[in-house]
Structure formats: C-alpha cells, structure tokens
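S.K.: Feature annotation from Swiss-Prot assigns ATP binding site to G17, M18, S19, G20, A21, G22, K23, S24; the stated evidence is sequence analysis. What Swiss-Prot lists as GTP binding site is D68, I69, R70, G71, and the listing cites sequence analysis.
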Amino acid sequence: MRNENRFHEVRFVIITGMSGAGKSIVIQSFEDLGYFCVDNLPPTFIAKFAELIRQSEGRINKIALVSDIRGGQFFESLQSALYQLNELGIEYEILFLEADTTELINRFKETRRKHPLWNQYNSIKKAIEEERKELEVIRTQSHLIINTSNMSPRQLKDKIRRQYTPEGEYESNLFVSIISFGYKHGLPLDADLVFDVRFLPNPYYVDELRPLSGNDDSVEQYVLHFDATKQFLDKMEDMIQFLLPKYLKEGRTQLIIAVGCTGGRHRSVVISNWLKDKLLKTGYQIALQHRDLDK
C-alpha cells in the first residue's frame, strides 16, 4: 500500500496522437520541465513501466512517455494498457496531439519523412485519414487535446510549459546562471549576455581594499556608493527584467549572464552578487559563480 499511495503523488503523462502533430517537440518540452521521459514506448510495456516507477518509491515523480503507431499493434494494445493501468489503480493523464490533414501532409512533404502507415496505403492523405479514424476512441478518452495546425514549435513548447507547470512556478522554468569574470583571463565562451563594468571606479587602487574581494562588505560599499554604479544597476536591471520573460516565451530554459571587470576579483563580483539578490526575488532559478575570484 505504501508504494500505491506514493504513486498518487506522481504525474504520469501519456503523449499520443497523430503522426506529425508534434510529439517529438512535446517530449523535449517535458524533459526541459524535469520529467523522466521515454519516447516511442510500445503500448504493451506501459503498464510494466508504470509498475517499475511505482517501485521507485517516489524517487521519480514526473513521467512523460510517447506511445504511438510506431510501437506496433498500437490501436488494440493501447486500450489494453490503459485497462491494466486502471486495474492497478495507477493514475495517468492522456495528452492527445492532432493537426488538420492538409497541415500534416505539408509537414511530411517538408521533412521528406514517410508516414508510419504509408506502406499500407501508399498515400499520405489516406494514411492520415485512417490513422485519425483509428485514434478517435483514444482521442475521446484524452484529458487534453491540442491542435497544433497553427502553432509554431516555440508556441507548442510554451503551451506545454504553461499547461504542466504548477501555478506560480512558470518563471522557475528558466535557469539563470550569473558568472563574474576578469577580462585578463578571457571571456566565458558560453555567455549569452555580457556586461563590462570596467568603467566603474576600481577598488584595486585603494590600498586597504586591494587585498579584499567583492564579497567583502567594505568593497561592496565602495563600488555601490558611486552614482555611476547606481545608474548602471538601474538600467541593467530594467534590461534583464525585460529580457527574461521574452527568453522564457521563446522557449529558452537556460540563460548565462557574464559580468566582467579587469581581474574578476572586485567590481564584477560586487555587481554579480547584487544581480543575484535582485533576480532571486523574481522566482527564476539562479546560480552564481565567481570564476576568477581566486586567480
């Protein structure tokens, strides 16, 4: 009973639907959300897979799997799998993806891929129509149906993130990494945004501050008390707060912000610490690294 109770805390999503409707994009989106993902799982293995998850005793609590006609004997096997899940008392939800026939035909032509039922019907249109008929029953059992005909990949990803992110946690889907660095040691090659703060007054030239770092209160107070610093921080914060929702909407899951000064020990450390404290209040996941602090 202990394992069964724990499975009620698991979110178990079965992704299915029309070939070409965007299941690959959707499973990638679930992976970005931290789900344990399986693509192209034959329906006959779904119940066994769920049992294994239940035996993990809560170590895996978000699962998404794709099961479609690629798995073979799909139409009968999926109904059997759902029956087994119900018999086992395993809760699940079905996400069904579809698109208009004309749109699906265009997608197969653009990608030059064969519809999985092509060999049976030798016609893309006929294969799509037959697949749609066969999927009608499972469609009526689905908890959510998404028609992707007029959706770009980015819009589909955003739809999944908003649908499957707990209320109030949408911003946490974007991981922001802040890196302080020294230009004398080279730019971080993977940075998305770079702020050069070498124009700020340098504590290095203050004898009592030189041996300290930007993590020390006296250095922080020195750097932050200048009007130029205050103006810069206001403008930088406005820019970043404007950009983060845009990046999130675009489908980004990670953003690397680099802040550089000459040596990476004083000014960039102070500014990076300040930025981290500001962004933590917005709900985004934040990581901070002082790359060159000890060099």
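In case you wondered, yes, glycine gets a Cβ from its N, Cα and C as well.
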S.K.: Using a 10 Å radius around each Cβ and all protein chains in view, which of these binding-site residues has the most neighbours: S19, S24?
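M.R.: Of the binding-site residues S19, S24, the highest Cβ count within 10 Å belongs to S19.
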S.K.: Residues with Cβ closer than 8 Å to the Cβ of G17 (ATP binding site), same chain and 6+ apart in sequence?
M.R.: K23, D68, L95, F96, L97, E98, L135, R139
S.K.: Identify all same-chain residues not among G17, M18, S19, G20, A21, G22, K23, S24 whose C-beta atom falls within 8 angstroms of the centroid of the ATP site's C-beta atoms; report them in sequence order.
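M.R.: Checked against the 8 Å cutoff, the neighbours are D68, L97, E98, A99, T148.
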S.K.: Taking each of the binding-site residues M18, A21, I69 in turn and counting other Cβ atoms within 10 Å of its Cβ, which one has the fewest?
M.R.: I69
S.K.: Which chain-mates of G20 (ATP binding site) that are at least 6 residues away have a CB under 8 A from its CB, listed by sequence?
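M.R.: Counting only residues 6 or more apart in sequence, the Cβ neighbours of G20 (ATP binding site) under 8 Å are A99, L104, R107, F108, H115, I128.
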S.K.: Quick one: which of these binding-site residues, A21, G22, S24, have their CA within 10 A of I69 (GTP binding site)?
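M.R.: Neighbours among binding-site residues: none.
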S.K.: Just to confirm: which same-chain residues, 6+ apart in sequence, have a Cβ under 8 Å from the Cβ of G22 (ATP binding site)?
M.R.: L97, A99, T148, M151, P153, L156
S.K.: Taking 10 A as the limit, how many CB atoms besides its own sit near the CB of K23 (ATP binding site)?
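M.R.: Step by step: centre on the Cβ of K23 (ATP binding site), count other Cβ atoms within 10 Å, giving 22.
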S.K.: Please report the DSSP secondary structure of M18 (ATP binding site), reduced to three states.
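M.R.: The residue in question, M18 (ATP binding site), is coil (DSSP, three-state).
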S.K.: Under DSSP, is D68 (GTP binding site) helix, strand or coil?
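M.R.: DSSP assigns D68 (GTP binding site) to coil.
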